[in-house]
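Step one of this worksheet: look at the structure below.
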Amino acid sequence: MEAKDRLIVALDVDTRDEAISIVNAVGEHCGLFKVGMQLHNSAGFAVTEEILSMGFPVFLDLKFHDIPNTVGKAATVVSRRGVKMFTVHAAGGREMLRQAVKGAREGQGERRSGGPLVLAITVLTSVSQAVLHDEVGLPGSVEENVVRFARLAQAAGVQGVVASPQEIRPIRAACGDDFVIVTPGVRPLWAGTDDQARIMTPAKAMEAGATYLVVGRPITAAPSRAEAAKRIVEEMAEGLARR
């Protein structure tokens with residue numbers, strides 16, 4: 001996979017028109033587009049289907065977290081739609097994760113084509129050590145909890161996780177080279193940190209072993225979105241070369 005194919009551009013906008021404008025601007029410079037709760041709740045599945053119809057893969061980041069049966073049925077629905085990846089919360093437990101994988105396979109079978117990757121959310125990149133302890137109430141370090149969630153997800157048949165750059169190497173050590181790691185919280189040196197607490201540059205994240213990087217505002221808020229995407233891909237390629 002080339003560096004370009006590993007870049008996921010986050011469509012964290014309110015409207016279909018804004019999203020499609022970004023797709024048109026950077027589609028040739030990235031591998032996938034992420035549709036999250038903000039855009040999905042505004043524009044519905046229609047925008048995902050439109051992006052798919054344009055020939056671009058979609059990472060549907062809705063972070064399912066419910067009882068196992070409900071998550072399994074939701075997984076079947078999104079698998080039928082043809083998305084390449086979707087997310088569930090590892091904190092939902094082993095059975096919920098298993099049902100997500102099962103549901104994705106059932107949806108894949110109905111489509112008779114390659115099904116989506118199921119990705120487990122570990123610890124959100126906005127969560128610091130203090131928040132994890134004092135507000136969420138989990139003992140142990142952020143890294144320990146991320147690795148624990150990653151192992152749980154892998155044992156349940158989930159193909160990968162979403163985790164911050166700082167946890168890439170520990171996850172690789174725990175889960176092996178074939179486990180998919182999708183990494184948000186990536187910021188080039190020329191962009192701000194926004195609301196991410198655990199960040200890293202694109203080059204460093206790829207060097208550490210990330211499979212895909214998710215980048216939003218450094219691209220979507222740039223004066224030239226295409227140029228920003230190209231600069232990030234160049235940095236990613238540098239990191240890949242140093243692995």
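Placement of Cβ uses the backbone N, Cα and C atoms for every residue, glycine included.
As recorded in Swiss-Prot:
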BINDING   ASP12, LYS34, 61-70, THR125, ARG187, GLN196, 216-217  substrate binding site
ACT_SITE  LYS63  active site, proton donor
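A Cα-Cα distance of 15 Å separates ASP12 (substrate binding site) from LYS63 (active site, proton donor). Rounded to the nearest whole angstrom, the C-alpha distance between GLY216 (substrate binding site) and LYS63 (active site, proton donor) is 17. For LYS63 (active site, proton donor), the same-chain residues that are 6 or more apart in sequence and have a Cβ closer than 8 Å to its Cβ are MET37, THR87, VAL88, HIS89, ILE121.
Taking each Cβ in turn and tallying the other Cβ atoms within 10 Å, the top scorer among the binding-site residues PRO68, GLY216 is GLY216.
All chains included, 16 other C-beta atoms sit within 10 angstroms of the C-beta of LEU62 (substrate binding site).
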